[in-house]
């Protein structure tokens, strides 16, 4: 890619991407535009501006994407009750398509002919960033330094930074032994002692949540109001999507909710252990299934459950911008038209317990479902014919001697 003139770099301001910035300038003799996204990671993003300026960057983008992230990516994903491999709520995966989108938008605005990212050659993020970029701008060039250079250790990165006078923080604060990634939906931890699948994670690793043992001894009750499958209010107070998730993170974290320790199957072929804190997302998943339980038709709910693993894999593997994900999303969104109402939850020492749900669009009919006298709302004698018709094929097979014993 010797003809690269301008590159948009996904820039955090940390050691890795600061080294990448200088490496791009030296290796490709190109202009670098930096893009730093505020996705609610809880860290100040403005210092990235000063670091980029110190490295000679003229065009610097620092964007607050929290509302767009939750409104256009997190909420649509939760309408599907999305879980990867039964447990993972896709906190990292769902952030990547937005970053890819913004990288391409900035490339178009600035006339850049390439984008670059700091994802390693071992992980899923390289796939997610690049699939998104190619889907949105087929001819874009992508530079992935971790697949090109020989700076394959933190020590080598530090040496490069010192040699090239790259500004890096040196202070007495203890650095986390884990590789961490955070946004408004979750915080992830990988590496360190977690690479031994038998070793228990350390309690002081967790940043957002109290341990269930240290959580309050009295439960916290909350009410979530839904409109078309999305939460619009907590305890009757209207909130924006980002405000909803931030508040649920706070409440959930106080009650020890949302910790996860899993070994997942990466798209690139390896197994990887990760620990995740997703307090707000854990609450949202439980509550959304509760409001759907009274507002969705049975077959619609079951079909959604059958399609969800495919939808989850598409997001995990980086296919958010694919036509098949878009097709599934349209179906999912159509199912949410009547998913309105209120869910009441009890949060207690790591548990999310549904204690009530109500909706003007509820399909629950107490007159039919009652165990008491129903006044003729349901004729129990009808069940006999229903059962016989559904047993017909099995009765015929049994009559031919095709029994199971």
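Cβ atoms are placed via backbone N, Cα and C, with glycine included.
It should be emphasised that the depicted structure is a prediction, and the values quoted were computed from it without experimental measurement.
Cross-referencing 37, 80, 95, 135 against the ATP binding annotation in Swiss-Prot, which names 10, 11, 12, 13, 14, 15, 16, 17, 18, 118, picks out 37.
Swiss-Prot names 88, 93, 124, 128, 188, 264, 276 as L-citrulline ligands; from the candidate set 116, 179, the record adds 179 to that same site. Here residue 93 (L-citrulline binding site) is positioned 20 angstrom away from residue 14 (ATP binding site), judged by their C-alpha atoms. Its Cβ placed at the centre, residue 276 (L-citrulline binding site) has 25 other Cβ atoms within 10 Å. The Cβ neighbour count for residue 88 (L-citrulline binding site), using a 10 Å radius and every protein chain shown, is 21. Cα spacing between residue 93 (L-citrulline binding site) and residue 10 (ATP binding site): 16 Å, rounded to the nearest whole number. In this structure, the binding-site residues 125, 264 were compared by how many other Cβ atoms lie within 10 Å of their Cβ, and the smallest count belongs to 264. Residues 88, 93, 124, 128, 179, 188, 264, 276, recorded as contacting L-citrulline, have a largest CA-CA distance of 19 Å. Spatially, by CA atoms, the binding-site residues 10, 12, 16, 18, 125 include one closest to residue 88 (L-citrulline binding site), and that is 125.
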